[in-house]
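Notes for the one structure printed next.
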Amino acid sequence: MPWSPLAALSWALVLRLLALLWPPGRGEACSCAPAHPQQHFCHSALVIRAKISSEKVVPASKDPADTQKLIRYEIKQIKMFKGFEKAKDIQYVYTPFDSSLCGVKLETNSHKQYLLTGQILSDGKVFIHLCNYIEPWEDLSLVQRESLNHHYHQNCGCQITTCYAVPCTISAPNECLWTDWLLERKLYGYQAQHYVCMKHVDGICSWYRGHLHLRKEYVDIIQP
């Protein structure tokens, strides 16, 4: 594909935006806003299951003045859950080379499969970073795997609010309170692994595990 200013601008803009999140002196850590797996699905342009075949460090663009580097992962796509209208069979995904810009390190040439969520840039390349939801497929719960096919997509009209301390309240009927951090001091706890924020016919959203309503202890603890 010939180099174009628009394509170079896309890469430059993404990398600069990531760099702005980590000003000088903050260190090498990558920080991301918390998001439930359902939110990751709804906010991503592409969601696929894939194996990683190889990796290669490449320039971010063909512009000689651009010194940014990317890791290009060659993948074998197993299944696409979202992004059909923008892409068909994905061969490569790209991530920042620098860990300070949230570059993702994936295992290559192994039997491990990944769930990858990411964005599709204006030049058609798929871009992923640590603030996306990227997990080994074997670590996903049965509810998460099933929800990738239907429930996440069907309930993107629901809003998920992270609860850090009690009391937590919702401000709209289409909100669900995400309490994993409050109860377990980790983001991807029981609620993230086993529940979906689903909308009723009356427009009200609440947590469901398959056909089961959210366990009572989750409801009790968020009451003022």
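Keep in mind that glycine also has a Cβ here, set from the backbone N, Cα and C atoms.
Here CYS32 is paired by Swiss-Prot through a disulfide bond, and of CYS42, CYS102, CYS131 its partner is CYS131.
Cross-referencing 10-13, 30-33, 114-117, 126-129 with Swiss-Prot places the feature region 'Involved in metalloproteinase-binding' at 30-33. Of the listed cysteines CYS102, CYS168, CYS205, Swiss-Prot assigns the disulfide bond with CYS158 to CYS205. Between CYS197 and the candidates CYS168, CYS176, Swiss-Prot annotates a single disulfide bond, the one to CYS176. Among CYS102, CYS156, the one Swiss-Prot lists as the disulfide partner of CYS42 is CYS156.
Just so you know, the Cβ of CYS205 (disulfide bond) picks up 21 other Cβ atoms within 10 Å once every protein chain is counted. When the disulfide-bonded residues CYS32, CYS131, CYS168, CYS197, CYS205 are compared by Cα distance to LYS69 (site 'Involved in metalloproteinase-binding'), the shortest distance belongs to CYS131. Checked against CYS32 (disulfide bond) by C-alpha proximity, the disulfide-bonded residues CYS102, CYS156, CYS176, CYS197 yield CYS102 as the nearest. Using CA atoms as reference points, the disulfide-bonded residues CYS102, CYS156, CYS168, CYS176 were checked against CYS205 (disulfide bond), and the closest is CYS176. Within the model, the region 'Involved in metalloproteinase-binding' (30-33) shows a mean pLDDT value of 86, rounded to a whole number.
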